Amino acid sequence: YEPVSAESERVRVKFGGTRKEFAFDKVFHQDTTQESVFVEVEPILRSAMDGHNVCVFAYGQTGTGKTFTMDGTNEQLGIIPRAIEELFRQASMDASSSFTFSMSMLEVYMGHVRDLLSPRQSCRTHEPLTVW
C-alpha cells in the first residue's frame, strides 16, 4: 500500500504499521469532472421519476469539495442543478403523467441539523444527534 491509494470502489490507507481498506459504491478522485460525477448519479433520477424517494449524500471534512460537488458554479454545474434540469426535462417528455417534486437540503454539522432551504436568516437547529 501507498500511504493512501484509491481505486474506483476502494480506498486503502496505511498508517504506521496498520493497513485499512474501505469499500464504497464509487470513489471519485480530485480531478473528476462535474459531468463524470453526474453520470454516476443520473440513474437514480429514473427512480425518482418512478415515484421512489432518492437521496444524494455528500460527506467529508470542511474544504473537501462537498458544496462544489453538489452546487457547482455557473461554469461547472453541480449535481443539484443538473438533477433539477434533468428531472424537469424527463417530466416534460411524459405528457400522460403529472409530477410533483419536493426537495430537502440539510446540513449536519457538529451534531446539529440545519435546513439549508429555509427562507429565514436564522435557521432553526435541532438537538445534537446521537448514535446508539
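From the backbone N, Cα and C atoms, a Cβ is placed for every residue, glycine too.
A quick note: this is a predicted structure, and the numbers were derived from the prediction, not measured.
Pulled from TrEMBL, these are the features on record:
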{"type": "DOMAIN", "residues": "1-132", "note": "domain 'Kinesin motor'"}
{"type": "BINDING", "residues": "GLY60, GLN61, THR62, GLY63, THR64, GLY65, LYS66, THR67", "note": "ATP binding site"}
Study note, to complete from the structure: Counting Cβ atoms within 10 Å of each Cβ, the densest environment among the binding-site residues GLY60, GLY63, GLY65 belongs to GLY65
Revision key, fill the gap. Confidence over the domain 'Kinesin motor' (1-132), expressed as mean pLDDT on the 0 to 100 scale, is 85
Check your understanding: Which residues, sitting 6 or more apart from THR67 (ATP binding site) on the same chain, put a CB under 8 Å from its CB?
Key -> ALA58
Study note, to complete from the structure: Across all protein chains shown, the binding-site residues GLN61, THR64 give the max Cβ-within-10 Å count at THR64
Exercise for review: May I have the list of same-chain residues other than GLY60, GLN61, THR62, GLY63, THR64, GLY65, LYS66, THR67 whose Cβ is within 8 Å of the Cβ centroid of the recorded ATP site, in sequence order?
Suggested key: ALA58
Practice item. Around the Cβ of LYS66 (ATP binding site), how many other Cβ atoms lie within 10 Å? Please give the count over every shown protein chain. Key: 16
